[in-house]
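In what follows, a structure is listed as structure tokens, so that the remarks can point back to it.
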Amino acid sequence: MWSTRSPNSTAWPLSLEPDPGMASASTTMHTTTIAEPDPGMSGWPDGRMETSTPTIMDIVVIAGVIAAVAIVLVSLLFVMLRYMYRHKGTYHTNEAKGTEFAESADAALQGDPALQDAGDSSRKEYFI
């Protein structure tokens, strides 16, 4: 039933001692010895086990995953670069033309034609 394999493929039985509080009963233990390694594995004299070589299907699956990740990364790079260059320089300010030569900010804004009222000049708005 339960066995432990040693490096040289012999089996040792595990000790199953009965519980001291239980009545004694006869227990039969089966041990098995395995003379050869498991199928699909080839044993080495020093106790190492060599795994089987990967199949073609394993290689195809791994290559597909790597290709999908590469395509996603290239797509993201393309989208990021396109977005960066498309929006480069689109920040516009609405400053009045010729304000760099004015003596003060008020004088520059008084001469700006975009800020002149076409109608009533008696109404003024003050910002505090």
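Positions of Cβ are set from backbone N, Cα and C atoms, glycine also.
Positions annotated as compositional bias 'Polar residues' by Swiss-Prot: 1-12.
Residues annotated as compositional bias 'Low complexity' in Swiss-Prot: 22-33.
Positions annotated as O-linked glycosylation site by Swiss-Prot: SER3 (among others).
Annotation source Swiss-Prot lists N-linked glycosylation site at ASN8, citing experimental evidence.
Here Swiss-Prot flags SER9 (among others) as O-linked glycosylation site, drawing on experimental evidence.
Taken from Swiss-Prot, the feature O-linked glycosylation site applies to THR10 (among others).
As annotated by Swiss-Prot, O-linked glycosylation site applies to SER15 (among others), with the evidence given as experimental evidence.
Marked as O-linked glycosylation site by Swiss-Prot: SER24 (among others).
Feature annotation from Swiss-Prot assigns O-linked glycosylation site to SER26 (among others).
The O-linked glycosylation site feature in Swiss-Prot is assigned to THR27 (among others); the stated evidence is experimental evidence.
Swiss-Prot lists THR28 (among others) with the feature O-linked glycosylation site, giving experimental evidence as the kind of evidence.
Taken from Swiss-Prot, the feature O-linked glycosylation site applies to THR32 (among others), supported by experimental evidence.
What Swiss-Prot lists as O-linked glycosylation site is THR33 (among others).
Positions annotated as O-linked glycosylation site by Swiss-Prot: SER42 (among others).
DSSP assigns SER104 (phosphoserine) to coil in the three-state reduction, outside any helix or strand. Per Swiss-Prot, phosphoserine is recorded for SER104 (among others), and the stated evidence type is a large-scale study or a structure entry.
Sequence annotations record features per position, and here Swiss-Prot assigns phosphoserine to SER122 (among others) based on a large-scale study or a structure entry.
Counting every protein chain shown, 8 other Cβ atoms lie within 10 Å of the Cβ of SER104 (phosphoserine).
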